[in-house]
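Down below is the structure, laid out as structure tokens.
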């Protein structure tokens, strides 16, 4: 009884499992099972998202292709316009050149020529030896046609630019008589004679025969000790003491005052390196002012000394001895100034009647007698410059007071 019970229990459990499985499968087929609801929706969502992405990519690619096509279309249109402009410019240039004798070249169909030459190579070879006269005639006609077609270039005229009204008619006075008077002389064309030129002998150049001649070195007396002392100002300074005997000094006046150095002159007879021609004295055109002469005091007084001085030529030394200059100092004569009446455009001198207060205070420090203001008498302008007294002038006196 136990095995039968076990077998029946197993059959019952198998039947229950079969019923449950069939019911689950039926619900799954009908879509009522909750386990199979999420998978199709998820797959559909994924597919939908992928389709959208692909659609966006396709739209982007289409936009790019559309832009490229538009750019290509614009480029093609621009090239067409440029081709038209170029063709118009070429036609204008051809028309302009044709006015001056330019002939455009005829286009030749190279393809047709190749076909003709390939089809009849033998016939052309046979015709050449048989008909030489025809060939010569063709060459002559071709040469004539090319000479006619190729016009000689001519110079531009006003009619080419639409300026015919500015053309000046150049008519000869008697053209027929001039033509009749001219006699045609036969031109004798002599053949060009070729002069026979002598051939130059050929010889091999040997460098051993020629020696490189270097310039001869000559000593010019230049060394590190004498390179700065060759006939320049330094040599003049060195030789000035040796040539002091030949130097002449101007006479000194008898005034025992501090003198200015005068010019040391020497005659032009010597052409030493230390002496050169002295320039002429400058002439001043200031009215009423006479430049003091650096020559002797007696030369300024005499009136005929200027003409005698121009005749005699003198030269000055480049270097003067300092000892002699200090010994021969002389007081230059004061410039002679004419009266204010003879000067041109000279203002009248101011008349000073009293000493100003500030100047009086300064003068009172040096002189106690000027304690009170003193009336100053007007002095004529002629007596402003006082003469010398005992070899001294007023300038020296004022200088002694300041000392």
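Cβ coordinates come from backbone N, Cα and C, glycine included.
Looking up the ranges 5-55, 107-157 in Swiss-Prot, the one annotated as region 'Disordered' turns out to be 107-157. Counting other C-beta atoms within 10 Å of each candidate's C-beta, the modified residues 155, 159 are led by 159. Averaged across the region 'Required for localization to kinetochores' (331-402), pLDDT for the predicted model comes to 58.
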